[in-house]
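Student: Dumping what TrEMBL says about this protein:
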- A:21-39: transmembrane segment (TRANSMEM)
- A:59-78: transmembrane segment (TRANSMEM)
- A:85-102: transmembrane segment (TRANSMEM)
- A:133-157: transmembrane segment (TRANSMEM)
- A:212-231: transmembrane segment (TRANSMEM)
Amino acid sequence: MSASQSAVRSRAEAVAVSRTFDWMILFVLFTAVLGGYHIHFMLTGGDWDFWSDWKDRRLWVTVVPIVAITFPAAVQACLWWRYRLPIGATLCILALLLGEWINRYMNFWGWTYFPINICFPSQLIPSAIILDVVLMLSGSMTLTAVAGGLGWGLIFYPSNWPVIAPLHQPVEYNGMMFTLADLSGYHYVRTGTPEYIRMVEKGTLRTFGKDVAPVSAFFSGFVSVIIYFLWHFFGKWFSGTGFIADDAS
Amino acid sequence: MKTIKDKVASLSFVALLMALTAAMFYTPTASAHGEKSQAAFMRMRTIHWYDLNWSKDEVAVNETVTISGKFHVFGGWPESVDEPDVSFLNIGIPGPVFIRAGSWIGGQLVPRSVALSLGETYDFKVLLKARRPGDWHVHTMMNVQGGGPIIGPGKWVTITGSMSQFVNPIVTLTGKTLDLETYNISNIYFWHAIWYAVGVAWMWYWAKGPIFIPRQLAVASGKASTLISSGDKKVGIVFLVGTIVANAYLMGATNDEYPVTTPLQAGTMRGIIPLEMPVPSVNVVVDDATYRVPGRAMQMSLTVTNNGDSSVRLGEFMTASVRFLEPNVLEDETGYPDDLLAEEGLTVSDNSPLAPGETRSISVTASDAAWEVYRLADLIYDPDSRFAGLLFFFDEAGNRQMVMVDSALIPSFI
Ligand SMILES: [Cu+2]
């Protein structure tokens, strides 16, 4: 078969090839995003996402959505503007969570023996669904950044609460009060993570008393909006095809 | 077609391998044997651990071991290490092979970081409960913010039995009894599985039809608006509203199920009470100190004055957790780790009892392979070539006095 001949000879074959490409691209995209996003997220979200005794009402709620909205914004830009596919955020989060679960189960538990109840990942799928559906309904980057980004940050704490609330029950232990998450962190020794590097419940939001989580979530949503714009542009730039001579679009 | 499928399969396999490799990029393991690689001055001039005791060297799963003793916070703390204002009493073990059931400084439980004062001595205790069978090197350890981990001596402890037997029962303040080893794990799996399925359903809705090539062609030919149908929008709204409503409902239901929750507890603890140490009645002046590289020996010239009312003899020199004993005065009965114990490592030019009121110049040699094994000799290559350690004198009744020494060290290469 010479290069000038078509690879397919019938419509049925063309459809089959197109479908094969779908799965190929989807799989490669999924695994490539998994690798890149996972490393990005470990380096930026790091301990806040690793340990249950870092999942507090202030910094975890603030930091995780902000550093997590990056790849979803970029992949959305590619999949939406090129294919009108509103699955960029969900694809990223499914990839990230798969990578995280492999890491937590095989390394944190299987290799180092931390129980899963101290080292499970944060839940981000509801956030991703909001981001994708807002993009699909609005078809607008600005609206997705503003409404989607805010929703992304706001739903983060509620969507994690069913999993972390049980670990926030108080315990009296040797004359001090702990939450179960604190106690896990104390019991299951992390030689390389001394207590003082644990950044929780710090900040200047104390005037809000015990209703600090919603305030943190709003703040996180606002910053997510800005980060969304930034990474959406990265995504657009990254998915450009100007290097192909006859496609300048 | 078949070759394309094979290629997809092999490419997929490569991609999967790459993804797995990326996922394994990070593991929070901690080596328990960092002690030797730590700069010698860090071990000699920061925290001096002594009177250590490991209550057992073999335990079954669920049994406990206590590591207790004292540590002296060196008054001449090196400038290159932050002062121990925020310090955490840790334990050097390879991951949670034991759980830390309790840790105390001066009788105070210290799950958080504490402020330590230079020149003071504290007593401490760490209670460990055995979890994972194996032979583990258990080190005392103090983490200092801005200074890193300061590792104390390590001793091998064997855990027997099976990890599946391990339990960690806890009673909450609301009266619930639970096993912290397994508590909440099925709840975590359940909600992560549910939401993962929702995410996959959304992906599947879009991936089930032809996607990349036809859609790209449609977008390129200006027909992008036809790609999202009103049916798609309805499905999207169901996902959006469903997600928001479900989360609002679950938040309320969770609050009903767990009405009492508290924020994570954190914050530095101050006011840790040091031991009241008597002022030593033995006065020591270091006239000079040299380290002889070929002989692996440190030689100190000391002028010792006994201001007490009982005659004393020098029994031990300790630095960086290595104990050099003068065998005629002191024998170790605490089961101190062999590799850190130089039972006959201390030679004193004249160690006859030093009578009250008497002053004597003595030459003291501390020699042992430990200088090399524990890389203490590297001290001479440190930017601040000084050593520090503890001298222990014993009077006729066997009472002990601790005297801190701190001096420049001159290396000798011949
Ligand atoms: Cu060791």
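Using N, Cα and C of the backbone, Cβ positions are placed for all residues, glycine too.
Model, not experiment: these values are computed from the prediction.
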Student: Could you give the residue numbers and ranges of same-chain residues that sit at least 6 residues beyond the transmembrane segment (A:133-157) on either side and whose C-beta is under 8 angstroms from one of its C-beta atoms?
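Tutor: Same-chain residues near the transmembrane segment (A:133-157) but 6 or more away: 57, 61, 64-66, 69, 73, 76-77, 80, 86, 88-89, 122-124, 126-127, 213-214, 216-225, 227-229, 232.
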Student: Counting a contact as 3 or more Cβ pairs under 8 Å, with residues at least 6 apart in sequence, do the transmembrane segment (A:21-39) and the transmembrane segment (A:212-231) touch?
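Tutor: When sequence-distant Cβ pairs are counted, the transmembrane segment (A:212-231) does not touch the transmembrane segment (A:21-39), since fewer than 3 lie under 8 Å.
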Student: Can you name the far-off residues of the same chain, 6+ from the ends of the transmembrane segment (A:59-78), with a Cβ under 8 Å from a Cβ of it?
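Tutor: Residues 29, 33, 36-37, 40-41, 44-45, 48-49, 86, 88-89, 91-93, 96, 122, 124, 127-128, 131-132, 135, 141, 144-145, 149, 152-153, 156-157, 199-203, 213, 216-217, 219-221, 223-224, 227-236, 238-239 contact the transmembrane segment (A:59-78) from elsewhere in the chain.
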Student: Do any residues, 6 or more residues outside the transmembrane segment (A:85-102), come within under 8 Å Cβ-to-Cβ of it, and if so which ones?
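Tutor: Result: 29-31, 33-35, 37-38, 41, 49, 68, 71-79, 121, 124-125, 127-129, 131-133, 135-136, 235.
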